[in-house]
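Annotated features, as they stand in Swiss-Prot:
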ACT_SITE  Glu272  active site, proton acceptor
ACT_SITE  Lys338  active site
ACT_SITE  Cys390  active site, nucleophile
DOMAIN    232-479  domain 'CN hydrolase'
TRANSMEM  12-32  transmembrane segment
TRANSMEM  33-53  transmembrane segment
TRANSMEM  58-78  transmembrane segment
TRANSMEM  93-113  transmembrane segment
TRANSMEM  122-142  transmembrane segment
TRANSMEM  168-188  transmembrane segment
TRANSMEM  193-213  transmembrane segment
TRANSMEM  484-504  transmembrane segment
Amino acid sequence: MLHYLKKMKKKIFTYFIAIFSGIIGVLAFSPFDYWGCAYLSLLGLIFVAKTAEKKTALWSAFLWGLAFFTFGINWVHVSIHQFGGASVVVSYVLVLVLAAYLALYPMLFAYLIQRFQISSLAMFPVIWTFTEFLRGWLFTGFPWLQFGYSQIDSPFAHLAPMFGVTGVTFFVMWVSAVIFNLLSVLLIKPRKWNVVIANLLLLTLVGGLSAYSSKAEYVRKIEDRDLLVTLAQGNIEQNLKWEPEYLYQTLDIYHKLISQHLGKTDVIILPESALPVLENHIQPFFQGLQAHAQQAGTEIVMGTIYQDKTANKLLNSIITLGNTDFPYSLETTNRYSKHHLVPFGEYVPLETLLRPLGSVFNLPMSAFQSGDEIQSPLVVKNRQLSAAICYEIILGEQLRKNVKQDTDFILTVSNDAWFGDSIGPWQHLQMARMRALEFGKPVIRATNTGISVFIDEQGKIVAQAPQFIETTLTHKVAATEGQTPYAVFGNTAIYGLSLLLLLMRGFGALIRRRLFMPRL
């Protein structure tokens, strides 16, 4: 009986560590930005994953993931409840279901560690990279809350231009494993100082790599290609945005914001689907804007909803107005259409089966089709803008296919009003900052209710509009030329390193087996 109670006490303690460390992992991300919490959280995950009892290890890793994702993506319930018509209880239940699914990946991480009795420090980031790849790929993927994003303001941030956020995440797990090993050794008597020194050298190596990258000049600013850009933040409430009677008020708001800056700035940028009406249905409005913008010498970039009747597609698009080389028309080639759509938000999988089940599967504008994966950059004032709409900015590898050496800026437009005053928009902004650092390109981010910002090529916010205010934000943005290693090679380097480490471990295990195999 005493043995059973002791065992239960140990199991409960392990579960507590899992839940606690999962929760504090969220504090590493915006808006909290305590980047050191990423290492504390992963230390907890490694601890529970290496628990002697396999079943406890698996369930503990699942609880870690459940706690981490439940608190980290709780903002999903806002759109489900407020705009999907579901009750508060149902919306939170759906968040738990999503979190439980995402928790399967940390559980898989623990399973692989238990299955192959992993003790090698190098294998922890390799396995984590594999499970994170699956999370970002299966069922269209949901690569939200990768720990690499949390390091945007840390000393390890400059690994991003070399390896991307996947690589930064790899090194965060590696450093966490090194710290775990270091703490384990320090608690053992007599201490193995050679192991301590080896661990410290590994930490120095990762830090040195980041320091080297911070000094490297992968890109350079082109001062004579700068642009004076104005962001128009309409602050249209999401519950009013799609009401037909509110359309004219929305048109008035953006007409006013545009008029204030016509002729005074190079470019005015409006957010994703700025006007809640088909672009096709208000052609006189757009033709009028085209004429006024062209006369004033200011170009307008705007998110629209476009019906491509030739291809029979409803597209989430970005267009330009006032461009003399690409005069506006419905058939203009100077258009970007969103490729990666959000399941249930922009399209409904198994539509004929799910839509009849309830309003939660009938969010406004959830019937879009995809644009092409690779598209030409938008040409604005003879500058090249590689575009990403809303969720697409979190997909570094997709954006990499469209960011070229002669790309001047990255443009992202969004409507984060779907998520209210939750932490979701801040996490979204943090990922946009990482894209700037990865590619060495300034990011211009225009949103409906915030957070509208200008981000420099180092991933730093240089100008920011207040959230939930109808306003404009103007800033001179300097273009950059050149490419970072990540822009050229993508995730190839970090996947190659993972494969190399995996082969080295396999080869080492084979050698040990041969050496200690009894001879007949």
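The backbone N, Cα and C atoms fix where each Cβ goes, and this holds for glycine too.
Residues 38-39, 42-43, 46-47, 121-122, 124-125, 128-129, 132, 146-151, 156-157, 159-160, 195-196, 199-200, 202-203, 206, 494, 497-498 of the same chain lie 6+ residues outside the transmembrane segment (168-188) yet bring a C-beta within less than 8 angstroms of a C-beta in it. Residues 122-123, 125-126, 129-130, 160-164, 166-167, 170, 218-219, 396-397, 400, 403, 438-440 of the same chain, all 6+ positions outside the transmembrane segment (484-504), place their C-beta atoms under 8 angstroms from a C-beta of that stretch. Across the candidate stretches 12-32, 93-113, 122-142, 193-213, the maximum count of CB pairs under 8 A to the transmembrane segment (58-78) is reached by 93-113. Between the transmembrane segment (93-113) and the stretches 12-32, 33-53, 122-142, 193-213, the greatest number of Cβ pairs separated by less than 8 Å involves 122-142. Distance noted between the C-alpha atoms of Lys338 (active site) and Cys390 (active site, nucleophile) is 9 Å. The domain 'CN hydrolase' (232-479) scores a mean pLDDT of 90 in the predicted structure. Each residue contributes its Cα atom, and for Cys390 (active site, nucleophile) and Glu272 (active site, proton acceptor) these two points are 7 Å apart.
Panel annotation: around the transmembrane segment (122-142), residues 46, 102, 105-106, 108-109, 112-113, 116, 166, 169-171, 173-174, 176-177, 340, 343, 494-495, 498, 501-502, 504-505 of the same chain, lying at least six beyond its termini, place a Cβ under 8 Å from a Cβ of the stretch. Around Glu272 (active site, proton acceptor), the C-beta neighbours below 8 angstroms that are at least 6 residues distant in the chain are Gly303, Asn316, Ile389, Cys390, Val413, Ser414, Asn415, Thr447, Asn448. Secondary structure from DSSP puts the residue listed as 'active site, nucleophile' in a helix.
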